[in-house]
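According to TrEMBL, the protein carries these features:
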TRANSMEM  29-51  transmembrane segment
TRANSMEM  57-78  transmembrane segment
TRANSMEM  104-124  transmembrane segment
TRANSMEM  144-165  transmembrane segment
TRANSMEM  172-193  transmembrane segment
TRANSMEM  281-304  transmembrane segment
TRANSMEM  316-333  transmembrane segment
TRANSMEM  354-373  transmembrane segment
TRANSMEM  393-414  transmembrane segment
TRANSMEM  435-457  transmembrane segment
TRANSMEM  482-506  transmembrane segment
């Protein structure tokens, strides 16, 4: 786990690497970074399916660790000075020295690291929980103490040390070596780990419902819902509802085939409970769509904000403060706001819904703060004649960016904890983990959507012969205008979320739903 945090700190510096070492323009570098973090958030959906279906948590931890090692190793080797001899290119940090082979290796490395990140997000927490249940209490306490110490202290020390190491090959090489060491240590205890066989993915149920309903697309709905298929004796049953009736066809019992034969093919006949679980997932899509813009706002923290901080004054008196201190404050704010919001949300049944709205308000405040700070930074750039000197340090403290990093941390912490609490109360327990992955994936889609928003805003702002808001360098760009645009879009998105929230049919709580579902009225749906 501590290697994940160390690698995350290293990957936060990718924006600076692309603009300083590769000399990419601002828009191109931001697109690469946002695509990477977007894929990190989206891939857990597929990897969770792989883990639940046939791989298990142990093998996913191992596979993602090796993917980490390979990806970080490739990044450490592809810098111009290291591959100059092998690729017959120059060794300077210039665009002419970046060959085609290095570009292919770079994107391959990003893909491998994304698999490593996503695989660990899916497998490490659950694998550690399995070990806690498998070990005795004393060993569990010692394990927690060790993990707490390493997770808090090692990444902080490593992140600060990495900043003072100038060669980019070493900045990526140190996390690669640490991940290799951690993986070897992990392998030494393989014989003592408690592992469990995969139990199947709830996504399979969704696929089966879609396939079964599509196979009976020409069948007529029964007049009475009691003619739909359900199975007696199951612990958890959900009553039939009249929403999305097209999916009810998955539970239609065909008169032309024996019931036992249909029951043997779960891809042609599904239970009413399985159909209702699928309906609950689909009905949450409108709310999940409003989460995309939260991801768009969040994406500026890994791209534009890092680029701004890189070229600002890092000195506090006579002390030079490393850039990762801003990332550390962001992480701290994310944890604190997340815990605080979780405690407040438990006080009322409306807590999760209000929490999501509050995270959107944080997004608006963050965009406004970022716009005002960037306006001031551009004023300093202009007054000191640095518009055409992108490599020069702007005489303005990077701690002007601290408020927006804190707001970004609060935005993500509140959003994630609110989504978690919301899903626990609104979806059946069999698919809540699956839905958490889906909602985080929507946030990841926002990160990828940030690429599209930058392109569209750049094209619109450049119409009529006017200069685009996104130029080759940060000092020539007008990020403040883009931030104001995000603030306006976030305000509109907040209104849209409120409207969708009023439309959504909420459950009071999962426990109440379970109490009404267990007796299950025989007159409502026929039990076979």
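Every residue number used here counts from 1 along the chain in the order it is shown.
The backbone N, Cα and C atoms fix where each Cβ goes, and this holds for glycine too.
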For the transmembrane segment (104-124), could you work out the same-chain residues 6 or more beyond its ends whose Cβ comes under 8 Å from its Cβ atoms?
1, 4, 7-8, 11, 32, 36, 39-41, 43-44, 47-48, 51, 57-58, 60-61, 63-65, 67-75, 77-78, 83, 179, 437
Which residues of the same chain, at least 6 past either end of the transmembrane segment (393-414), have a Cβ under 8 Å from a Cβ in it?
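Residues 294, 297-298, 300-301, 305, 308-309, 311-316, 321, 323, 326-327, 329-339, 341, 355, 358-359, 362-363, 365-366, 369-370, 373, 376-377, 380-381, 384, 386, 475.
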Output the single range from 57-78, 281-304, 435-457 maximising the number of Cβ pairs under 8 Å to the transmembrane segment (29-51).
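Result: 435-457.
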